[in-house]
Amino acid sequence: MGRPLLVFVFVALLAAVAAKEAVKPPPAPYAPECRIDEPDLFKEADPSQVPWFTIDLDAPAKTRYAQIARVYKDQIPPVLDVLRQMVAMIVGDLPLFEVLESFFRDAFEGGRYPQPYRDEIQGIADASGVPVEQIAMMNVFYELSRYCTSIVAEDATGGMWHGRNLDFGQLFIWDVKDQSWGLTEALKKVTINLNFIKNGKLMYKGTTFAGHTGIITGMRMGEFTLSMNAKMVPDIAQLMEWLTGDVKDVHFAMWVDRETMEKANNFEEARAYLSTVEQMTGCYYILGGNKPGQGSIIIRNATAMYEEPKLHDGDNDWFVLQTNYDPEQEPLWVDDRRTGGNACMNKLGKDRVSLETLYKVLKSKTTLNKTTVHTVIMSITHGIYQTYIQTCENPCWPF
């Protein structure tokens, strides 16, 4: 992508936000493309690119992530470097990044990070050599920028499937050489899968980034699957109140995902917890179960659920798909993954749902775009949990 197109994209994004443009697809050659009938598309999928680690929940919190921190001690700083470069581009030589670090240091030392995450963060800092305030910053940064597509679907046999694309990094330093966002590429290198064990038994699986103590996507063994998508506009004011000490007892979304895995024994308990827990900002929890009909999108503000589209509810017959907008909201025209995603799922049909075809839906443009870090596909009924690092070959829409 050349600089003229980038300028066009930035101007178009600002114009769309300001004018609230109606939905329309990106221009050719970036238009939506459903790829479910490409026979060789799944052959490139390689789950071995994403390593697995074990987190022992019975071990002392400071030691749980030490192995991961040592393995990724050289890959975590580049993530922070992109953030530092972005801040410098905005404010020039002003030491804003250092000011942010001091805020997070005060928040960490002031006890505003709850246990066990506080000790886990300290353990990561100790094992990696990365300053604790930077690890603390990484653990809440996901509250501000994460754009995703999540799908829960039933197959023809009643099996349940859950897929998601994690999109992260838009506007964070365009890398001309790699033709991608700098933060997106840095996050691909720190994507990891985790097995969480308790009392010697596998309790749940999750996907996250090295340096983080929460999870973005997870599966409670035998019971439910969960992914979380951001709202288009995060509650930055609430975050700043927490950072400056005016708000203390609050849950971050990545930690809520993990807490749900540990507190809820089944789909209904998970649904109840996700609907009521007080948290930092609103978001979308996409929840799947182990039985037909167990699939819903829990639409949250900071204090409660206010809407819940479900499987077998109105038009949501055999699948639900969520991006980063409420059902009644029109997506920005520069970021309409919903229309193409729904069209591709309807073209697929219930009879063809599988690991391979769900991967192909999530590999279709513009559901797949230049910000897509990875794809996760889960199925409790089929015993599947796979994570794939993604690439979007040109021409590819940047958002």
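Heads up, the Cβ atoms here are built off N, Cα and C, so glycines get one too.
Feature list (source: TrEMBL):
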type	residues	note
ACT_SITE	Cys148	active site, nucleophile
DOMAIN	49-107	domain 'Acid ceramidase N-terminal'
DOMAIN	148-292	domain 'Choloylglycine hydrolase/NAAA C-terminal'
SIGNAL	1-19	signal peptide
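Counting only same-chain residues at least 6 apart in sequence, those with a Cβ under 8 Å from the Cβ of Cys148 (active site, nucleophile) are Arg164, Asn165, Leu166, Asp167, Ser227, Met228, Asn229, Ala230, Thr323, Asn324. For the domain 'Acid ceramidase N-terminal' (49-107), DSSP puts the residue distribution at 38 helix, 5 strand, 16 coil.
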